[in-house]
C-alpha cells in the first residue's frame with residue numbers, strides 16, 4: 001500500500017463496531033486499535049496511565065479526555081509507518097482535536113442503528129471481563145453457556161447493557177458524538193451507514209474502502225456479503 005490510510009469508526013453501544021472493525025482490518029490490512037483493549041491492557045500492565053485509568057474505571061466513571069489522549073496518542077506514534085483503524089477513540093471533540101493535531105484522518109465511518117435493534121442486541125450481550133470478548137446469545141453464543149470459549153471463565157452482563165440504562169447511554173453518546181461527527185463532516189471525511197443488520201451494512205463499507213484505498217479486497221472480504 002503506497003499511501004498510509006488512517007480511519008476511525010464511531011457508533012453507539014451495540015452498533016456492531018467491533019465486528020465491522022475486525023472485517024476491515026482483516027480485509028484491508030489495517031492495524032485495528034480498540035481504545036477498550038488498550039484501557040484493559042494498561043490497567044493489567046499497571047502503567048502510569050493504567051493506574052490513572054483504574055481510578056476512573058473502578059468508580060464506573062468515563063475516562064477523561066487528557067487520560068485517553070495520553071494513552072492513545074503514543075500508540076499511534078509507534079505505528080507511524082502503518083495504516084490503522086481506530087475504534088472508541090476519538091470519543092469527544094477534545095480527543096478529536098488532539099488527534100487532529102497529529103494526524104489527518106482519511107475516513108470516519110459512523111454507524112446509525114435503530115434504538116430497538118440496539119436494545120435487542122445488548123439484552124443478549126454477555127462479556128468476558130478480563131479480555132473484553134463479547135458474545136451474543138442470538139448470533140454469536142459461547143460454546144458452553146455462560147462460559148468464555150478460550151478461558152472457560154464466567155461471562156457477565158453489564159448493568160448498563162440492561163434496557164433501563166441503555167436509553168441514558170444512547171442519549172449521552174449522541175450528545176458527545178455530535179460535535180465529533182460535525183467536525184469530520186466539515187472535513188469531508190465522514191460517511192454514515194444505517195441499518196439493522198451488520199451483514200447488510202458491510203458490503204457498502206467494503207465497497208467504500210475498496211474505492212478509497214484504490215485496492216481490491218481479499219476473497220475473504222468478498223464473501224461477507226449477505
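Quick reminder: no glycine exception, Cβ is built from N, Cα and C everywhere.
Just so you know, TrEMBL annotations are computer predictions that nobody has curated.
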Quiz item: Looking at the ranges 86-123, 124-161, which is given as region 'LID' in TrEMBL?
Solution: 124-161
Quiz item: From the Cα of residue 18 (GTP binding site) across to the Cα of residue 91 (AMP binding site), what is the distance in angstrom?
Solution: 15
Quiz item: Considering only the binding-site residues 35, 61, 63, 169, which residue has the minimal Cα-Cα separation from residue 18 (GTP binding site)?
Solution: 35
Quiz item: Fewest other CB within 10 angstroms, which one of the binding-site residues 61, 63?
Solution: 61
Exercise. Determine, using Cα-Cα distances only, which of these binding-site residues is closest to residue 63 (AMP binding site): 14, 16, 125, 135.
Key: 14
Quiz item: Looking only at the domain 'Adenylate kinase active site lid' (125-160), what are its DSSP counts of helix, strand and coil residues?
Solution: 2 helix, 12 strand, 22 coil
